[in-house]
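Below: the structure, in C-alpha cells.
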Amino acid sequence: MKIFFTRNGIRTLIQLSILGVSIYWLTKVLVNPELFVDFEQYCPMGGIQSLFTFLQNGALACSMSGMQLILGIALLVCVLLFSKLFCSYICPLGTISEWFGKLGRKLKIQFTINDSWDKVFRIFKYALLSLTFYYTLSSNELFCKTYDPFFALVSRFGYDVIPWAATIAIAILGIGSTIIPMFWCRYVCPLGAISNLFKHIYVVIALVVIYLVIYLLNIEVSWIYLLIILFVAGYFFEAILPERSKSIQMMKITRNTDSCIDCNLCSKKCPQGIDVASLEVVNHADCNLCGDCVGSCPVSNTLLINNKNSFRWMPILALAVFVLGGIYLGTKLELPTVDMKWGSQEEVAQSKFIEYSGLKNVKCYGSSMSFVGQMKRVPGVTGAATYVNSHTVKVWYDTTATSSAVVKKALFSPVKVHIKDGIDSLKYAIIDVKVYNFFDQMDVFYLDQIVRQDGNILSFESSFGEPVNIKLYADYNINLDSLKNSIERKYVSLKSGDKEYQQSINFKVADINRTKRYVRGIDLKRGMFLSYKRTCNNYKSYPKDQIVSFEMTFDTYPRNEQMMQYVINSVATKDTAVVGMVTYYKAQPTLRVYIVKDKTDPQKVADLITEEKLTITYDNGIVEKIDNPYTFK
Ligand code: SF4
Ligand code: SF4
C-alpha cells in the first residue's frame, strides 16, 4: 500500500477510473443506439472555443452551455496557477497516449524523434488549433467534433464527425503514441497547444494589451488576427524555448542537487521525456505535474514539488477544487446559445417575456437562428433567446403591441405532411384528433413515423390549439380505436444509419372523431402542397421585362417547404441575378425561378439549385453547409 501511494498510484487510479467509466459508457452506447451520453457537456476544449464564439459572435458554439464554458475557464486558470493537470490526470486521450507509449517501449518498437524534427512536428498542433478556431468562430459549430477520436467513438461516428478525419485521428492516437512517446499530446492535441500557450502568460498578456490599445484607438482589427498571432507566438516559444516557460505557476518540480545520487531514474520515468535529472527546477512547457518523477526517486526529500514534501498532494487537491468547483458553478450558470433583441429601446423596455420548454428542435446554433428568424416575423416580438441544452426558449414581446397568447401561437408551426399519394378518383376519410404533448417539429417527425409505419394514413396537418388539432386523411374504412392506440404508443421505431432503435414518445389523444366529409385523392395532393414564395437581390429594382423565369419539377413530393429558404439563401448569394423563387402544384410539384435577363444562365442556376450541399449565410456573416433536401427531375 505504501508503494502504491509513494509510486504515484493515486494518479494511475484516477486515470483508470476515468478510462473505465469512458469505456463502460462507450460499450453501452455501441450496443444501444437509442442511448445518448452527453460527454460533450464536460469537455473544456468545447468550453474554450465557446468562450471565443461568445466574445466574437455573442453566441455559444453549437450545443454548448454555461457548464462547458466554466470548465474551459477553470482549465485555463488551472494551467496558469498550477499546471496542465487536466492532461496528466483526467484526459482519456492523454492516458491512452501514455499507456500506448509504455506498450511500445515494452514491445521495443518505440523511438524518439531528434530535436530538430521535434520542433518541426510541434507546429502541427498549432496549425490544427488555428483551423479549429477559424472554423468554429466562422460557423459557430465546434470544428473539433469533426475529428476528435473520443467524440467520434461515443457518437458512433455521428452527424458532426467527418469519418476519414476521425479515422486518421484515431490511427494517429493509437499507432503514433505507441511508436513515438506522447505523440498525440506533443504534436496533435489543440488543447495541449492552448495549455502550452498559457505557460507563457506574459506573452499572452502583452499581445492582448497591444490588441486592446489598437481597439481603443478605433482601429478595427478582427479577433482572428489576435488569435493567429497568439498561436504563432505559442509555437515559437514552445519550439524555441521549451525549458523556459515564463508562467505564474505556483507549483514546480524541484531537485535537491545535494542529496541527488544522479541515478537518472526520474528522467527515465518522465512520460514527457524531460531530462529531470539535469534540472534544478523543471520549467519545461511539457511538464504537466504528473508526479511520476517524484514517485520514482529513491532518495527521500530529493525530488519534490516546491522543495516541500507536503506539496506532494497539492496537484490532486488543486484538480479536485477546479473540477468540482467548475461543475458546481457550471450548474448555476445558464447561458443562452443565442440572445437577440431587435425592438427599439422603448419597445424592449416595455417588453415582457414568456418561457417555453421542451422544444426539441431547438438543439444547436443553426436551429436557434432559425427560431430567431421565425420570431422576427411575428409583429410585436422584440427579442428571443434559446437554451439548447434544456430545449428552452424565451421570447420578449411588446405588451402594447401583442399578447402572450398570440406569441404562444406564433411559437407553434402548423404543418402539412403528405406521406403518400392516393388514387386520384378515390374518396378518403378525414379524422379530427386533439393531441396533448405535441408541439414542435420533432413531434411532427415522430407522428410522421408512426402513421408511415401503420400504412393507412395518406397525409396529416396540424393547427394551434391546446391540445393541438391534427387532421388526418386516411383510408375510408380506418379503425379509430387502433388509430388512437397507435398514436398513444410508448415507442416509435427510428433508424440511425443501419441500426434501428426505439424512441420513447408521450402523445395523449384527448379526442378523436371521423368527420362526415371526405376528400378525393387528387384534391388531397393539391391541398397538402405548401407553396413558397420569396424575392431577393432587389427584385423590385428591375423593370418587369428584365425578369424571366424557368421551371423545374421536383423529383418527389417536397415534404418541408421551410427548407426552400435555404435553397434561395444558397443560390441567391452565389448568383446575384437570381431574384425570386416560387413553388406551386401544377400537374406536379414545381419550382419556378426568377432571374435577371442576360445576367445569368438558367442551366448555371439549376446547377446551383441541385448542388448536394447548400451554403447558408446568416445575417451575422456566419456560413454553414447543409445537405440539400430537394432533388429535381
Ligand atoms: S517532469 Fe515529472 S511531473 Fe513533469 S511531466 Fe515529467 S514526470 Fe511528470
Ligand atoms: S531520481 Fe532522484 S536521485 Fe535519481 S536522479 Fe532523479 S532526483 Fe536524483
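Using N, Cα and C of the backbone, Cβ positions are placed for all residues, glycine too.
As written in TrEMBL, here are the features:
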- 251-280: domain '4Fe-4S ferredoxin-type' (DOMAIN)
- 281-308: domain '4Fe-4S ferredoxin-type' (DOMAIN)
- 12-31: transmembrane segment (TRANSMEM)
- 69-100: transmembrane segment (TRANSMEM)
- 120-137: transmembrane segment (TRANSMEM)
- 161-185: transmembrane segment (TRANSMEM)
- 197-217: transmembrane segment (TRANSMEM)
- 223-241: transmembrane segment (TRANSMEM)
- 313-331: transmembrane segment (TRANSMEM)
Residues in the domain '4Fe-4S ferredoxin-type' (251-280) grouped by DSSP into helix, strand and remaining coil:
8 helix, 3 strand, 19 coil
Can we call the transmembrane segment (197-217) and the transmembrane segment (223-241) in contact, meaning three or more C-beta pairs below 8 angstroms at a sequence separation of 6+?
yes
Would you mind splitting the domain '4Fe-4S ferredoxin-type' (281-308) into helix, strand and coil residue counts from DSSP?
5 helix, 5 strand, 18 coil
For the transmembrane segment (223-241), distant same-chain residues with Cβ under 8 A (at least six beyond the ends):
52, 55-56, 119, 122-123, 126, 129-130, 133-134, 137, 193-194, 196-197, 200, 203-204, 207-208, 211, 285
By a Cβ-Cβ criterion of under 8 Å, what residues six or more beyond either terminus of the transmembrane segment (313-331) are in contact with it?
10-11, 14, 42, 65-71, 73-75, 77-78, 81-83, 85-86, 88-90, 251, 289, 291, 305
